[in-house]
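Colleague: Feature table excerpt (Swiss-Prot):
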| type | residues | note |
| --- | --- | --- |
| REGION | 1-52 | region 'Disordered' |
| COMPBIAS | 40-49 | compositional bias 'Basic residues' |
| REGION | 73-101 | region 'Disordered' |
| DOMAIN | 113-193 | domain 'RRM' |
| REPEAT | 255-280 | repeat 'LRR 1' |
| REPEAT | 281-304 | repeat 'LRR 2' |
| REPEAT | 305-332 | repeat 'LRR 3' |
| REPEAT | 333-360 | repeat 'LRR 4' |
| DOMAIN | 375-529 | domain 'NTF2' |
| REGION | 541-564 | region 'Disordered' |
| COMPBIAS | 553-563 | compositional bias 'Polar residues' |
| MOD_RES | 561 | phosphoserine |
| DOMAIN | 618-672 | domain 'TAP-C' |
């Protein structure tokens with residue numbers, strides 16, 4: 001049927017309308033036919049073209065930071081690590097060659113784990129599916145791990161690359177007895193990891209089984225494959241899992257000397273930051289058969305005195321063709337290294353230089369005069385017991401009539417806004433305009449100082465975290481600085497649950513104590529407050545279940561009644577200064593007796609007037625409370641300690657200190 005517009009074909013007619021047009025002879029198009037055939041011939045040829053990048057618009061974008069790469073490598077669902085080609089490509093550029101096979105090659109990943117998915121197989125039993133897979137792969141076998149059934153599929157994992165590749169190429173060959181074809185899909189992936197208390201407890205039990213107490217060595221090689229962890233996936237190559245393992249080591253075996261981490265697919269050592277403080281005795285470290293890409297990852301271990309190191313079968317080892325160069329680079333990071341990859345190293349050539357004097361050993365506290373240690377300890381005990389009580393007005397007798405108090409804290413951008421203390425802030429970098437602003441928050445006078453402290457929220461200081469520097473101690477004055485942590489408690493004091501809601505703060509308080517009449521009092525005090533660091537908070541929470549043996553009285557201490565201890569307290573100790581012949585007081589006896597019925601200093605319970613074992617029941621209860629307060633043991637274990645020593649308080653304190661140093665007191669003794 002002829003087409004509209006004239007003629008049976010428009011090949012020789014340029015008319016594009018409905019009517020006739022100019023006629024062109026066929027011989028005029030001979031050259032056109034030749035060119036048209038050539039174009040069709042060229043179009044049938046396969047060609048390869050490249051798309052321009054959609055996201056890299058600038059050469060600077062090509063360079064990726066190492067931390068970005070590490071974050072992508074540790075992605076939870078491993079979506080960016082999938083290297084297998086999709087089973088059914090949804091699109092292909094015209095002219096690109098068609099893949100010959102149905103499945104792409106499964107590329108090995110750095111973690112060595114692969115996820116197998118069986119779509120719509122959730123209605124079948126595990127034995128049925130596994131038998132069909134093994135029959136299709138015969139004579140090859142594999143062991144599926146972490147099998148789980150999802151809503152519309154079955155998922156399991158394998159750490160055998162060859163087995164994963166064979167499963168991927170099964171295609172339609174694997175089928176069930178009813179004819180259903182499995183069609184497994186394989187991609188890179190790792191099992192899910194949920195770190196909770198139950199998970200950590202299983203890790204702890206398994207690690208205890210692998211610890212050698214004689215050699216202080218812990219073997220965590222191929223830890224995820226331990227039979228005790230069969231039901232959970234515990235990959236040490238994940239930073240959070242390795243961090244949990246290091247926490248367990250730090251809490252239970254801080255004296256660890258040898259650690260074996262062979263064959264765990266570890267590619268990053270970020271979890272080992274600060275390990276020199278947490279495991280200071282670590283000297284032997286095995287990291288063989290892992291995925292450590294370069295020696296730069298071992299910088300976090302540079303502060304450890306590593307004597308033996310294993311790095312065989314790691315990418316960082318293969319980067320050096322010259323073994324001597326590799327040894328030299330490792331020794332630059334670990335100068336004390338003696339053995340590397342099982343081979344003893346030759347001694348390094350060093351110059352015989354005269355050894356320089358070493359720095360003095362750091363200590364928690366500094367005392368310019370040891371005679372002032374007991375005085376300061378008594379002062380802190382009484383002062384902070386009143387400070388943490390409900391009535392801080394009792395501190396009036398502790399301050400001089402012309403005492404001065406200054407409170408400061410860092411800027412909000414550095415430490416966060418400390419709302420409860422911010423109005424007292426006298427940070428001079430913040431108050432630059434005018435003398436009035438700089439002196440407005442300087443408290444002058446006894447009443448102003450105590451009133452300011454009374455406006456603080458309720459606090460609870462932790463004596464275990466205290467450090468003391470006594471810089472001046474003579475007959476004219478004593479100057480000392482106290483640092484530590486305290487809890488800022490919730491203002492709802494009537495609600496018992498509010499006692500558990502608190503923020504941890506760090507403080508530094510400097511006192512200038514001078515003689516006044518027949519006693520001593522605080523002449524000047526400066527206070528610095530800031531938020532506690534994450535490490536300080538972690539150590540603070542850990543110390544809540546540990547005793548404070550430093551608060552225990554010495555066996556040679558005189559022991560008096562609670563009332564006498566409250567009245568005397570610091571006064572008797574201050575007589576050693578030789579300033580006053582009569583009683584000397586920083587704090588008066590009455591407010592202390594009213595706020596602290598049991599003295600936690602060296603004077604606690606009388607044993608001079610009453611023979612051991614002959615106390616009445618009320619005295620025994622006071623002794624139990626004093627023992628519990630000083631040792632941090634609960635009431636039951638405090639009573640047991642006193643009963644076994646025939647209610648001799650000094651002997652009970654001596655026995656407690658001895659057993660505590662030997663780690664023979666069970667943890668339940670400190671659970672209240």
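Cβ coordinates come from backbone N, Cα and C, glycine included.
Each of these features: where is it, how hidden is it, and who are its neighbours?
Modeller: On the 0 to 100 pLDDT scale, the domain 'RRM' (113-193) averages 82 in this prediction.
For the repeat 'LRR 2' (281-304), the list of distant contacts is 110-111, 216-217, 221, 237, 254-270, 272-273, 275, 310-316, 319, 329-330, 333-334, 341: same-chain residues at least six beyond its ends, Cβ to Cβ under 8 Å.
With a cut-off of 8 Å between Cβ atoms, the residues of this chain six or more beyond the repeat 'LRR 3' (305-332) that come close are 258, 262, 282-295, 297, 338-342, 345, 348.
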Colleague: Can you tell me which parts of the same chain pack against the repeat 'LRR 1' (255-280), counting only residues 6+ beyond its ends and a CB-CB cutoff under 8 A?
Modeller: 70, 73-74, 110-112, 215-224, 235-237, 239-240, 242-243, 246, 249, 286-293, 297-298, 300-301, 303-304, 308, 310, 535
